[in-house]
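Colleague: Quick paste from TrEMBL:
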type: TRANSMEM; residues: 241-260; note: transmembrane segment
type: TRANSMEM; residues: 280-303; note: transmembrane segment
type: TRANSMEM; residues: 324-345; note: transmembrane segment
type: TRANSMEM; residues: 351-368; note: transmembrane segment
type: TRANSMEM; residues: 375-392; note: transmembrane segment
type: TRANSMEM; residues: 398-418; note: transmembrane segment
type: TRANSMEM; residues: 447-470; note: transmembrane segment
type: TRANSMEM; residues: 482-504; note: transmembrane segment
type: TRANSMEM; residues: 511-532; note: transmembrane segment
type: TRANSMEM; residues: 544-566; note: transmembrane segment
type: TRANSMEM; residues: 598-617; note: transmembrane segment
type: DOMAIN; residues: 631-820; note: domain 'Metallo-beta-lactamase'
Amino acid sequence: MDRWLLGFSVGAILALLPPQVPALFYECLLIIVTLFGLLVSQWRTLMCIMIGALWILNHGDAYNTIWADNEIHTEQFFRQQHPVLLEVIDIPVTTQSGLRFTARIIEINQQSLPRAIKVRLNWRNLAYGKTTDKQADKQAGQSSNQAELPLLLQQGDLLSTNIKIKPAHGLANQGSFNYQRWLRANGVHATGYVVTRQKTVAQNVESIQHSTEPQPQLAQITAFKHVKVGNSVRERLYQRVMRLTEGFSHQALILALLFGERALFDEQIWQVLQATGTQHLVAISGLHVGLVVVIAYFCSAVVRRAIPFHLFSPNVQQWLTKRYTQFFTLAFSAIVAVFYCYLAGFSIPTVRALIFFLLLAAGQLLPIRLSPTRLMLLSVVVTILLIPSSVYSASFWLSYLAVAAIMLVYWRFGFWLGKVPQSLPTPQKKKPEKMLKQVVNKTVQKVVGFMLIQLGIVVLLMPVTALLFGQVSTMSVLANSIALPLVGLLVMPLLFIAMVLLALSETLFGLVAGVANMTLEWLWLFLCWVSATPNASLALSSEQTLLICLVVLLLILLTLFTPKILTPKIFTPKWQHRSHHQQAKGEGIKAFMPNKTLLTTGVAVGAIALLSGYVPAPKRQWQVTVLDVGQGLAVVISQGDKAILYDTGNVYPSGFNLAKQAVLPYLKHQGLTLDYLIISHDDSDHAAGAPQVITAYPDAKLVFNGEFTVATATGTEKEPCQQGKTLAWQGLTLTMLWPKTLAAAHNDDSCVIRVSDGKTSVLLTGDITKKVERALIRETTASNLASDIVIAPHHGSKSSSSKDFIKHLEAKAVVFSAGYLNQWKMPNQQVLARYQDANTQVFSTAQDGLVQFSISTDASAGQRYWQVHTYRADISPYWFNN
């Protein structure tokens, strides 16, 4: 059976590799083949692999066909607003720009949908709605806290309103968070916002008074109607706990531990958690559900012991204790675990942990033998069957790898975790030992066992965290060795007791929760100290990530193929020494000594570590990478470990910063040091992220015709961009073709730069219009204007890219940096047609994600060439990313 379960799991993993989901016809054909294959006993394991793959692919097909099933086919649909009937399905989060919540659309344009569409919506506040686009750009995320928010919503509300949505989409860059995959993992089909109208009176005003809080000015809020007011127990408890913990210094952590809601987390909290590797403590998962089960089991055992069984007859007493004692404790623990998962919103990690516990309980109650390996495999299979989208989630792999690490440590280092070797004989005559020595030995054993588990989890998860997040925490073992016991043995029990007392008295809740808050205060001081240590968190390049994966793989092989480490001699009674080592054939001691496998693995690890520093660099290769920053521009020119950044992307009033979310993570992921920061002009979609980049790279020279306060404060060296100037960098020549005057206020003041290695050239154009294009044609020689690769002017606007300009460029490739389904409909279709008529290869960051040109010149052969790779087609060409 284990082979079948493992085969199903492997098939689910392999199903993630194809670039696209097969058509329904091929899926049906594979199903028929699988059914016939199950009849042959030798093929059943292979057929289980097929079943796992088909299950995931079928779920992916169902996700992709949501729009076709609802007869929504045209792109024009996503450019218009629509009246909808929707149900709020989670606790709305209050942000600076308004409300953010997840809903299920039941009706669109007064027509019921065959399949409900899950959407993630923003409801902007009045200040955001009143602000013009230009003002919002200049505010750059600094909206007033006094801004009036939209109407208070709650989980379970049924709302009729107008919304504007687009299919689930995210930025596609190396080294940054994959938002699109996160949306798919959570079953979200679209994102959008509630359409605000400034002069429309709300309908059914009486039905919206959820609280006594002052309501916004209804005459200025979006037209809506509450069809049904929600009645969620989780929402009421959340609001009540939020009110009672309002003055607590760590209210955000308390709400995260109880409800899984992290809306109150600021950037500093996330930085500390990431640097210390303790993010899992605030994401309700198997750890928290396991603690709840243990506490509930202990409480039920106490209650069971208090039941006066002696009052019953002996037969009844024996019947109750034998048949229903374990059932009662497990059933009570299951009920408490289900309620805790409900408080956490039945998120995927909590449901996964609940499945694991219910299978464990079933194995205890039913005459079924479940080994630890079979239990884990069965949990994986049941989770995939019930929640297929969980395989896209990083938490799915992290949680089960953590369980696998614990099992591996227990198998290889079982003594430290209380496992008694079966080879040890039973003593004929036990000699008394000193109590102090026994206590010390037991304490050391438990501490070492706990540290081994922490080390095993950190080492086994290090490649995954490096691949997913581009960084590792060097202090996670130390931080978790203190944080885990403190949270598990003190904070969580206190919070559970406080929640029980909340039903009796808010005063008692405040007292107990206050003690938990004080404990969190001590813990947070420790975590801040740990995070402040040098190199607490290391950003990794792709080469370093590969090296970590290889080293950890070799360590796993070393663990698997060396003899087991049995009871160390210092912890073995003297009477056991001889028999122990005779039966274990010396393995207990030899395991600590070098052997052939250990030496071979050590040599391999050392060789990889040494050779990694001597990998020859490619001959004369440099890259031009157009990052996916939505409706904006950010281009990285790199050679070796040095780079130039041209523009930084936007910063939105909500606080979303493209420099932090896309540009800086990419530079760190590639291990690049910034030499120059070039800002074309001061439009926010080009320059808003510059302060963050300057702060991260204060030694980089700034090329800009405007001013940045942060550049003055950091003493950043500054140069102007003016026609005729050149920069020599890493064997490349950067020629400034525009502007004539030192200005940066308008699109036509954009800094136009041509980068060339003498044979291959790239033209960076900013937001110039046809007026500047004509000037460039007049004032620049044909050889200095012609370029192999062009970044399209003004994101492909119809005001740029004239036919004459395209003709003079003679470009082989053009890249449009524009947002997905942006409101300006860029790139313009006529502009696209002009480039295509000129036989220019067209790329768009909205469709292709990151676009990277690798330009090489082999001087000995006198050849030159460039290759292009895109994120969605080449770097991460998997169907769940597209």
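Just so it is clear, glycine is given a Cβ too, placed from its N, Cα and C backbone atoms.
All TrEMBL annotations are machine predictions without curation.
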Colleague: Using a Cβ cut-off of under 8 Å, list the residues of the same chain at least 6 residues beyond the transmembrane segment (351-368) that approach it.
Modeller: 285-286, 288-290, 293, 326-327, 330, 333-334, 337-338, 341, 375-376, 378-379, 382-383, 386-387, 390, 396, 399
Colleague: Count, for each of 324-345, 482-504, 511-532, the Cβ pairs lying under 8 Å from the transmembrane segment (241-260), and report the range with the highest count.
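Modeller: Maximum Cβ contact count belongs to 511-532.
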Colleague: Taking the domain 'Metallo-beta-lactamase' (631-820) alone, what is its mean pLDDT?
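Modeller: Mean pLDDT across the domain 'Metallo-beta-lactamase' (631-820) comes out at 92.
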Colleague: State the non-local partners of the transmembrane segment (375-392) in its own chain: residues 6+ outside its ends, Cβ under 8 Å from one of its Cβ atoms.
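Modeller: Sequence-remote neighbours of the transmembrane segment (375-392) are 2, 5-6, 8-9, 12-13, 16, 52, 55-56, 59, 63, 181, 184-187, 348, 351-352, 355-356, 359-360, 363, 400, 403-404, 407, 880.
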Colleague: I need to check the long-range neighbours of the transmembrane segment (447-470): which residues 6 or more away from its ends have a CB within less than 8 Å of a CB in the stretch?
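Modeller: Residues 175, 274, 277, 394, 397-398, 401-402, 404-406, 408-409, 413, 416-418, 476-477, 480-481, 484, 539-540, 544-545, 548-549, 552-553, 555-556, 665, 668-669.
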Colleague: So which residues does the transmembrane segment (482-504) touch in its own chain, when a touch means Cβ under 8 Å and the partner is 6 or more beyond its ends?
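Modeller: Beyond its ends, the transmembrane segment (482-504) has Cβ neighbours at 237, 240-241, 244, 254, 257-258, 276, 278, 281, 287-288, 291-292, 295, 454, 512-513, 515-516, 519-520, 522-523, 526-527.
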